[in-house]
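Below is one structure, written out as structure tokens; comments come after it.
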Amino acid sequence: MAAATAARSVRRSATRLASSDVATFRSWLDGVDAVLLDCDGVIWRGTTPIPGALAAIDALRAAGKRVVFVSNNSTKSRATYVGKLKRVCGIESTVDDVMSSAFAAASLLASKKLAPAEGHDQVGVFVVGESGLHEELRAQGFRTIGQDEGGGKPFDFAGFDVASLDGGVRAVVQGFDTEFSYNKLALAASYIRYARAEYVATNTDETFPAHGFVVPGGGSMVAALRTGCGVEPEVAGKPSPRLMDLIAAHIGVPASRCAMVGDRLNTDIRFGNSTGAQTALVLTGVTTAAQAEASKGPERPDIVLDSIADVTALLAAASE
Ligand SMILES: [Mg+2]
């Protein structure tokens with residue numbers, strides 16, 4: 001796509017002249033040292049790469065920008081993300097370039113410095129989530145349980161006793177879980193209500209990007225547990241400002257010198273705007289151009305791009 005039509009500032013008409021678009025893009029990126037990229041709907045959709053994503057990331061890095069991949073998907077560890085970035089898009093990265101909500105949740109829990117329960121060596125965590133979440137929690141010294149509670153295992157109404165709960169559990173961490181079940185829901189609620197476990201959610205995304213059908217996200221499961229236990233979780237991923245604090249400390253760049261690029265208004269754009277970062281919405285994910293135009297307040301992006309691929313042409317034009 002030519003730079004002439006690549007950038008559409010939502011504060012202007014889409015028919016503004018090309019020179020205005022490039023100038024808008026240049027001023028948006030000026031003073032930015034790090035570009036934080038959401039993954040699903042931005043650089044890939046599921047396991048299909050967004051065309052031009054690799055070239056765009058190469059161009060950002062060539063322009064001296066630190067690129068960080070920031071995903072609310074809690075099912076993968078950072079190490080798994082590094083492999084997927086290479087496999088799906090051909091992007092080279094290290095774990096230090098990846099900030100997943102599973103890592104963020106483990107870091108948030110670690111920051112609480114909980115002491116192990118009496119008679120236990122480690123802080124126990126009941127996990128409603130998949131292997132990547134267990135992996136990140138274990139990497140930060142937690143003992144995790146819950147992986148055997150899904151798979152169609154029924155909740156034992158007749159035999160359940162609060163005394164049967166694991167006495168070492170001090171937290172419940174919840175992410176996306178394709179084995180989410182009534183059994184996991186009842187056990188997690190019991191740990192929160194009766195064992196006074198801390199409640200941390202990786203994210204509250206309602207859906208995943210999908211065309212033609214609906215894929216409920218982790219937020220739908222958080223809604224079930226929040227309702228079931230009557231306690232609000234602390235959210236570790238986007239749009240929580242806690243995640244920006246973690247990223248800023250991790251890469252040594254303050255939020256004011258970061259730009260957040262994403263496809264979702266109520267997570268990516270709200271996250272960037274509420275933490276003082278620049279924001280760009282791409283239209284390759286869950287948000288339509290009409291929704292972008294109608295966006296307001298903290299969910300209104302600074303600029304809108306049809307695709308991350310447009311960054312390549314805009315960077316080239318801006319440097320001429
Ligand atoms: Mg996304």
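Glycine residues also receive a Cβ, built from the backbone N, Cα and C atoms like all the rest.
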Of the candidates D177, D205, D245, D263, which does TrEMBL annotate as part of the Mg(2+) site that also includes D38, D40?
D263
According to TrEMBL, which candidate in K238, K296 joins S71, N72, N73 at the substrate site:
K238
Filter the recorded positions D38, D40, D263 down to the ones within 10 angstroms of N72 (substrate binding site), Cα to Cα, kept in sequence order.
D38, D40
What recorded positions among D38, N72, K238, D263 have a C-beta sitting less than 6 Å from any atom of ligand 1?
D38, D263
With a 10 Å radius around each C-beta, find which of these binding-site residues (S71, N72, N73) has the fewest other C-beta atoms nearby.
N73
